[in-house]
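Novice: Can you keep this structure in mind? I'll have questions shortly.
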Amino acid sequence: MDSRGKSDDEESGYRSKIWDLDQKLDQPMDAEAGSLKNKYEEKKISTFLLLCLAFQSLGVVYGDLGTSPLYVFYNTFPDGIEDPEDVVGALSLIIYSLTLIPLLKYILIVCRANDNGQGGTFALYSLLCRHAKIKTIPNQDRTDEQLTTYSRSRIYERSFAAKTKRWLEECSFRKNALLLLVLVGSSMVIGDGILTPAISVLSAVQGIKLDHPKMSSDVVVFVAVVILVGLFCMQHHGIDRVGWLFAPVVFLWFLLIGGIGIFNIWKYDKGVLKAFSPVYICRYFRSGGRDNWLSLGGIMLSITGTEALFADLSHFPVLSIQIAFTAIVFPCLIFAYSGQAAYLLKNPNHVADAFYRSIPDSIYWPVLIVATAAAVVASQATISATFSLIKQALALDCFPRVKIVHTSEKFLSQIYIPDINWILMVLCVAVTAGFKNQSQIGNASGTAVVIVMLVTTLLMILIMLLVWRCHWIVVAIFTGLSLIVEGTYFSSVLCKVNQGGWVPLVIAAAFFVIMYAWHYGTMKRYEFEMHSKVSMAWILGLGPSLGLVRVPGIGLVYTELARGVPHIFSHFITNLPAIHSVVVFVCVKHLPVYTVPEEERFLIKRIGPRNFRMFRCVARYGYKDLHKKDEQFEKRLFDSLFMFVRLESMMEDGCSDSDDYSLNGQQTEQSRDRNYNGNRASSNTNATISSGDSIVPLDANTIRSAIQVSSPSEVDELEFLGNCRDTGVVHILGNTVVTTSRESKWYKKIAIDYIYAFLRKICRGNSAVFNVPHENLLNVGQIIRV
């Protein structure tokens, strides 16, 4: 036994652990080489693989857009066709709408505005948050910008982009307005996720009534409801097992509608192709006046599903989606609508069921079966997109905590949210059974679609200015063309609010209130935590024992603060006579990035002197990541903590959590510039040791030398930490009740005391979110007034 009371066996055992860790250090280097090789191979994607991905994208991305021919002409002419020339004008509007919105705007422009392959409204917002400080919850930190996935370009101070950036950042009202805009668009996407399954399935099964004219409409609605209920009940199984069927079904559907369209053009009227001339659009509005202008709400349905195209972007490369649209989707849709128009020129009285009546009798039932299957696929795509959107909103503190289940081990994007699934099912069945016809559901769907497109256009203006640095003339051209087309559609659908268009507005308003109230309450709670956090002077005044008895074990104190000691800690030690020997403040922080690599997940800091045994661990996640329910989180946390202790011995002075402390007493301007320009620590070969606001990159050789040359004090601390971990780990969570003060305004009281309080009661608790076992849980309650 030596002077430290440690036997030779214990010493050799400890050295063997160091050797094992040293051996593991070689794995990241190999992983780095492998990842570089994979990235190099990904750039050289073969033509065959690209075509395969384009084929697979049909089932995930284009189901909603592809089923629109089932109901467009009926919703365009719900009262019948008075002038056959109106059919040509409506077809011309459909052709140019498909060309301007899905093809030019989304496929060629908006899809390029993805966040490392992620699409959707929140992806655009996250991209903007990285290029400007516009987050309403000010939890940004310079250390976050050093992540390998935190990519952004530098803005020159005198550029127009810099002026736009300053204009956004200098006013909190503009930041809130931008967030409100994002929440409005997201709420409308959820509303469209409810309406699309209803109108798609109902329109598909409507063909049964054509073969059985005496069948009542209630039977058709009942069949549609049964299909929808079955679809939602199967969501918990995931789509991994049946997903391989989606692409063949949708591909066959496009071939059928395109082929039938060509057949009808040849059989009924080849002159319908004159609709490619925009002259007939002018004639359409001139002859019909207000009635034809109101019919734009039905024509708008021809581009339904375009926003889902952008939201589902993460599943496939952009080029494969572009190939699928230009080679298959766009021409087949043009032929399908042209064929129906040719049929209607000869049979204007059949507009109510134009799609099924234009099908040759020999293939009627096969087309009906494929149409129903394609409608189910389209519904599944919108449901999955809604789940993804809710998950992104949850990561950005814009939605109450709900349970998220991964349905596939291969594809992380395939998730299932039980609570949202049943809410969608109830609302979708209510819409289907309540309206019972395609016209009113079509009016509702058109309202949701055009509002989402307008939101995307407004966000794209900022993307083009701040991210792409486009010239203001280019931005003006894009904005002008988009607003002219979408503004015209919007003016039309507003006149149909009383004819079903109110449905998405009510649904979106409900989700908007939930999302904003939750975000508002979270923001006020964070502001209280920031203003009431404990000062380092108070901690240092308590001494190493913190003024209490230090009991064996490790206490993990969960907090929302990435810097400073939370107020709940002072509340805890004021009311309890003991605290654990080691205290780790754990902050689970979501960043405006799509993902955070596992190697860069944890950021460790020391709070106070070494003998205080207090640390901070910031676990960083992107909006695509999920705090998984596994035991590896705690293990990785302690591995990072032990590595931090080893790396800390290389520094001359101990690390501190003081705001003005950095390595060697100061942070040079050169290091700031180096961090800003993106010379970040490698995600695999380098580790990071944090000191105040700076991160010092350390390569693998330096880590090895730190491990092999361990000081006696370091060995003692590692052994002490290991013994405390073996003794037991207790998770300390704050059970905070948020309420308003007496002088608060009435709208603040409604938002906090009623809506936010109700959502806190029905949503998942912190213990469920962090997957904390009940036997190791300690809840600390407190009431805060905001």
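Glycine too: its Cβ is placed from the backbone N, Cα and C atoms.
Found this in TrEMBL, in case it helps:
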type	residues	note
COMPBIAS	676-686	compositional bias 'Polar residues'
DOMAIN	53-539	domain 'K+ potassium transporter integral membrane'
DOMAIN	552-784	domain 'K+ potassium transporter C-terminal'
TRANSMEM	45-67	transmembrane segment
TRANSMEM	87-108	transmembrane segment
TRANSMEM	176-195	transmembrane segment
TRANSMEM	215-233	transmembrane segment
TRANSMEM	245-266	transmembrane segment
TRANSMEM	363-390	transmembrane segment
TRANSMEM	411-435	transmembrane segment
TRANSMEM	447-467	transmembrane segment
TRANSMEM	472-490	transmembrane segment
TRANSMEM	502-522	transmembrane segment
TRANSMEM	534-558	transmembrane segment
TRANSMEM	578-596	transmembrane segment
Novice: Would you say the transmembrane segment (363-390) and the transmembrane segment (45-67) are touching, if the rule is that at least three C-beta pairs must lie under 8 angstroms and be 6 or more residues apart?
Specialist: yes
Novice: Do the transmembrane segment (411-435) and the transmembrane segment (176-195) share at least 3 Cβ pairs closer than 8 Å, excluding pairs fewer than 6 residues apart in sequence?
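Specialist: Answer yes, regions in contact.
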Novice: What mean pLDDT score does the domain 'K+ potassium transporter C-terminal' (552-784) have in the model?
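Specialist: Averaged over the domain 'K+ potassium transporter C-terminal' (552-784), the predicted model reaches a pLDDT of 68.
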Novice: Can you work out whether the transmembrane segment (472-490) touches the transmembrane segment (215-233), with the criterion being 3+ CB pairs under 8 Å where the paired residues are 6 or more apart along the chain?
Specialist: no
Novice: Short question: most Cβ pairs under 8 Å with the transmembrane segment (447-467), which of 87-108, 176-195, 215-233, 363-390, 502-522?
Specialist: 176-195
Novice: Applying the under-8 angstroms CB criterion, which one of 176-195, 215-233, 363-390, 502-522 scores highest with the transmembrane segment (245-266)?
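Specialist: Checked against 176-195, 215-233, 363-390, 502-522; highest Cβ contact count belongs to 363-390.
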